[in-house]
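Data first, discussion second: the structure below is written as structure tokens.
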Amino acid sequence: MSSLISIGTSVVAKWPSTSNYYKARIIDYTDNNHYVCQFLDGSVIALPSKYVDLPEKFQRTTKRISLMRNEQIFLDHSLSFYSLIMSLGWIGIFLYVQHWFHYNPDIDNLNRPLSHAPYQQYPLIVIQYLLLWFILQLIFARYFPHIGKEELIYLKESQPSIYYKHHSNSLFAFIITCLIMYIFREQIPLRELTKSYYLLALFNLGIVLILSLILLTNKLFSRYSSISFNEHDHNQKQTHFDFHLFISIRPGIILWPALNLLLLLTILKYNRQISIRFTISILLQTIYIINVFINETTMIRQSLDISPPSSFDALFTNLCWVPFMATLTSFYIGKSHQPVHTYILLSSIIFFSLGFLLQRLAIRQRLAFQALNNSNIDDSVMVNDSQRILTSGCWRWCRNPHLLAEILMVIGWTLPADVKCIAPWIYTFYIIGMTIYKAHYFDQTLRNTCTTGAYEHYIEHVKYTLIPFIY
């Protein structure tokens, strides 16, 4: 053991399943001389010696980044050639789908209710209202009160001396935004903004690219580490508002229902009638989004563990992909007056209801298990010295029932669009792909934290990853 780094030493260690190295502290050794490392967020992981080293051993190379002036230890994936190609690919798909959908004559001729000058755009109006949108959402996020008992306080490795607190008030901001849009519906240029949907997507993409360039050139990429509220010392530390987290999440996630409401108000103003399937799809999407807002703190806490919110991927996903790909369903149904069978609408409600109930049940059972301090031996499996995994209730059906619920809900609010066009289903395919990725990511992370044989014992109790009896 003399050749090993001493217990208690601060080191730089590789995060499992990534190429990123973060600050950690050695707290123990395993029987096979692996280091047991505790990271800044409290995660405890056993790692081989080749993935652990002293900070002074790190030099500026193409694979590792040395300690910088602000003590940041983070290797950004977006700097690699592979991830750059992937990002360009996603941008290309986004632009192609948006242009094809809004300028495809086969779609445009589906009894389009807003068929006047379909190619006309209003760039000045788009710029004005996008600027107003970001200012309003910034005010709401910064000054509206926090909603809910759970609080998210975190720090960044790039600024370890500053504590940040996330205000979970998206639901409040969503309600106020909808009220403002409804009250001022006569003053808002509804038709012009609806016609400029493609231009809105292009301008948002431009904002993402500019913000990503600013973050990259100022070395603001950083891994976030959430901390317990009890660990926060109010007398010595003051929490700050995190503009980077706001810009990467809030404007885009509320833009999704705002675009749906914009289309709804436009149709009511100029057509004075809406179809049943449009109503069902909008209603189910709104319930889904409200559910996201209610669980905002938990979802953001989980997302911080996967990728930093200040990365290009997070900015592009939340500001462009989610709001403008998800609302393709609403705009497709709004353009088309083609009837759908009643059984499709009933299936839509059934799929969504099953997913919604499953998600609520999964969250409820997990919170109840955590309230018992993971001490229920009969309904859980020990995976390491300090962690148990729930294996009862819906968590016995598959290892990720909350992700299965996501798939069921998104299929539910997409079904009213029927299957005659692929555009409204693109976001559904994206969600399915992301849930599969997340399921494998969670499994791989768990596997790396398990003691010998513990992961195999766990999958004996819960065999299926995502879909019971299938996958």
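Count begins at 1; order follows the chain as displayed.
Cβ atoms here come from the backbone N, Cα and C positions, even for glycine.
Checked against TrEMBL, the range among 274-294, 400-420 recorded as transmembrane segment is 274-294. Nonlocal intrachain contacts for the transmembrane segment (162-184), taken as residues 6+ away from its ends with a CB within less than 8 angstroms of a stretch CB, comprise 136-137, 140-142, 144-148, 150-156, 227, 232, 237-242, 245, 250, 253-254, 257-258, 261-262, 265, 289-290, 292-294, 296-297, 300. Ranked by Cβ pairs under 8 Å to the transmembrane segment (121-141), the stretches 196-216, 245-268, 274-294, 315-334, 340-358 are led by 196-216. Same-chain residues lying 6 or more positions outside the transmembrane segment (315-334) and placing a CB less than 8 Å from one of its CB atoms are 87, 90-91, 94, 97-98, 101, 107, 113-114, 197, 200-201, 204-205, 207-208, 211-212, 247-249, 251-253, 255-256, 259-260, 263, 267, 275, 277-278, 281-282, 285, 413-414, 416-417, 421, 423-424, 426-427, 430. Model confidence over the domain 'Tudor' (3-60) is summarised by a mean pLDDT of 75. Each residue of the domain 'Tudor' (3-60) gets a DSSP state, and the totals for helix, strand and coil are 6 helix, 25 strand, 27 coil.
Sequence-remote contacts of a segment are chain residues at least 6 beyond its ends whose Cβ falls under 8 Å from one of its Cβ atoms, and for the transmembrane segment (245-268) they are 113-114, 133-134, 137-138, 140-142, 164, 166, 170, 173-174, 177-178, 181-182, 185, 188, 190-191, 193-194, 197, 200, 204, 211, 224, 274, 278, 282, 285-286, 289, 292, 300, 309-310, 314-315, 318-320, 322-324, 326-327, 330-331, 334.
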